[in-house]
Ligand code: LLP
């Protein structure tokens, strides 16, 4: 037995996850199949806990909102960052206490704001417009909305432009120079209790420097807001810590992030004589490497490239098509066989961009082989669709070598589930 990447082991030429043989899982449950290792979720969450013992960790539900995964994290004491009423509903059902939820979003509906107020969940307010809507709702319902403002700190991040969120031109947050005035206004509005401040600069960031810059900028604002007489109970620095998608890649860990930002945070809060709680909202780091996507080889074709056609497409894992992102590939039934040829692994979707992995050295691949796409736990299933008439696949959760299905695969009937014909077309 040896380890192929992180917690994933190889035994008798087969890839194992959480002690379960992936070839047996594929046989039993069919493919495509998402498989998550429960122990790894807990390890990753604990790494954050240990690095930030005094902070609250609000898991970002968007990364993977599967109910069993939310429940595991709720039991670990996680709070959550939600971006829709759907995520809020699921988080509460999973057992995340309402006091540990922050409702984020740059374009919330009035219904969503109403729900947040009714349920007593903190709201990260993204615009002055939203502030006024929220104040109106709070006044009408006789409740007080606890809020933070989402700050656009104007920090550039070395990541894919589609997931850089704190640039001056990005759609998220209130420009840093307007933030203090917005707090001043908020403190005079009925039904509004400003009690925190929030930012999030991007995702899959592999350098701690942008986090330090963001912390400094946020603490400058905290100082000004506190000087207004507003009691800030929390500073939410969002998330963005990346993971090593490539094997052997050296990337910062939660402890490195803590070593970089806590001195700034602690010094600055001490100087102010306040003690706001630090909140962090990791998504990717908690779940990305916990999960693989198992997919069966339908066909191997030698053309301009050596194509391996598998039964999962970008409808199930859109990251490579959307962000050109890299996912490590293992031939799960030949996991310790030596590499022999260069292959490009593609899905069955009718789009040229439906490519999971380009030009990878793999053992000889044949029809019927099982491919594992690694690090698929974050923004994998949660971004899936039924594009090209493809029902979504099942999800399995493994613990101590035993698997449970935590989401059944969709069938053809699910493609029709919500569709109706007008009478004239009957
Ligand atoms: N907090 C807020 C306000 C966010 O917008 C996000 C992610 C997070 C926390 C979690 O960030 P993380 O720890 O996962 O970096 N679909 C893209 C990533 C989009 C991230 C959106 N926001 C991907 O597959 O790379």
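A Cβ is built for glycine as well, from the same backbone N, Cα and C atoms used for every other residue.
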Subject >> Per TrEMBL, member of 89, 343, 379, 387 binding pyridoxal 5'-phosphate alongside 240, 281, 282, 283, 284 >> reply: 379
Original post:
Of all the recorded positions given, namely 62, 319, 351, which is spatially nearest to residue 282 (pyridoxal 5'-phosphate binding site) at the Cα level?
Top reply: 62
Original post:
Using C-alpha atoms, which one of the recorded positions 62, 319, 323, 350, 351 comes nearest to residue 281 (pyridoxal 5'-phosphate binding site)?
Top reply: 62
**OP:** Please list, in sequence order, those recorded positions from 240, 350, 351 with the Cβ less than 6 Å from ligand 1.
**Re:** 240
**OP:** Could you say which of the binding-site residues 281, 351 has its Cβ with the most other Cβ atoms inside 10 Å?
**Re:** 281
